[in-house]
Amino acid sequence: MKLINGGFPEDFILMGFTKYPWLDLPLFFVLLTSYTFTLLGNIAIILVSQLDSQLQSPMYFFLTSLSFLDLCFTTTTVPQMLFNLQGPNKNITYIGCMAQAYVFHWLGCTECVLLGIMALDRYVAVCKPLRYSVIMDHRFCLQLSSTAWLTGLANSLLQSTLTIQLPLCGNQMLDHFFCELPGLIKMSCGNTTVNEITLSVVATFLIMGPLSMILVSYSYIAQTVFRIPSAAGRLKAFNTCSSHLLVVSLFYGPGIYIYMQPSEDGSQDLIKVLTLFYCVITPMANPFIYTLRNKDVIGAMRRLLRKAISTKGI
């Protein structure tokens, strides 16, 4: 085994589900299909939100940001997983592994904060509709989106930098599909107490902070929705908000289990499945969740399709 400076391996071996080699082929096709739908769905959301003049509201600005984030999030991990699943080579270079850990953690933390901001946007839209366009102007939306990205970046720089300094003593077996911080911490042959405490504390803050904002926002939204006299108005508000709540549940549920428990607790195989769920399945499902129950997006897609067909006919 070749080592680079500091006794770190030149390559890591991603174990994945190597205990179950028969899973490689079906998992490869599942990931390939999911990744294809993720690309198509999120690119469609971005194009429709940018090209349709009726979708130029703050809600669709944040939805576009979420779609772009999901594209980056899955692309950070899935191509490497597909490469490792399609053959006997399960390696990833040390530099590639560290880069993946930094970017994956950055994007994951950014999504936590962004989902909280989207709940705030829904609160203003439903509870203060007359002041919505004034409060959530374009400049403020940009500031909120930038805050999410910068918060995720700062946390990734802190957590990932602490993690890559841990001694590995030549260990190159990473019991995961890709390079994620909890797995890298478990590889270390040194004292990881500081890393585990820091990861747990910061994860608690970054998960429970936005989650608390989401719960508070939706408690006010629920009170306001029940006071809407029109049944159609209540249904529209419910459909819009329920889509966001479903996305929140799919993303936060696995994250809470993985990051907010002691590292020695929990089945590693279960952690792998949950990680696959929130970094592959959730980004694929988000476009469908937001579009299937959103008449505005469906209408915008139909208008763009009609426009494209008529243009082609000319």
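For all residues, glycine too, the Cβ spot is worked out from N, Cα and C.
For 25-48 (among others), the entry in TrEMBL reads transmembrane segment. Panel annotation: around the transmembrane segment (25-48), residues 17, 55, 63-64, 67-68, 70-71, 74, 78-79, 81-82, 85-86, 280-281, 283-284, 286-288, 290-291, 297, 300-301, 304 of the same chain, lying at least six beyond its termini, place a Cβ under 8 Å from a Cβ of the stretch.
For the domain 'G-protein coupled receptors family 1 profile' (41-290), the model's average pLDDT works out to 85. Residues annotated as domain 'G-protein coupled receptors family 1 profile' in TrEMBL: 41-290.
Residues of the same chain lying 6 or more positions beyond the ends of the transmembrane segment (60-82) and with a Cβ under 8 Å from any Cβ of it are 14, 16, 28, 31-32, 34-35, 38-39, 41-43, 45-46, 49-50, 92, 96, 100, 103-104, 107-108, 110-111, 114-115, 117-118, 121, 138, 141, 144-145, 148, 177-178, 279-280, 282-284, 286-287, 290. Summarising the annotation, TrEMBL assigns transmembrane segment to 60-82 (among others).
If you look up TrEMBL, you'll see 102-120 (among others) marked as transmembrane segment.
Under the heading transmembrane segment, TrEMBL lists 140-158 (among others).
Taken from TrEMBL, the feature transmembrane segment applies to 197-221 (among others).
Positions annotated as transmembrane segment by TrEMBL: 241-259 (among others).
The transmembrane segment feature in TrEMBL is assigned to 271-292 (among others). With a cut-off of 8 Å between Cβ atoms, the residues of this chain six or more beyond the transmembrane segment (271-292) that come close are 16-17, 31, 34-35, 37-38, 41-42, 44-45, 63, 66-67, 70-71, 73-74, 77-78, 104, 108, 176-177, 180, 182, 243, 246-247, 250-251, 253-255, 257-258, 298, 301.
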Original post:
Residues of the same chain, at least six outside the transmembrane segment (140-158), with any C-beta under 8 angstroms of its C-beta?
Top reply: 58, 61-62, 65, 102-103, 105-114, 117, 120, 198, 202, 206
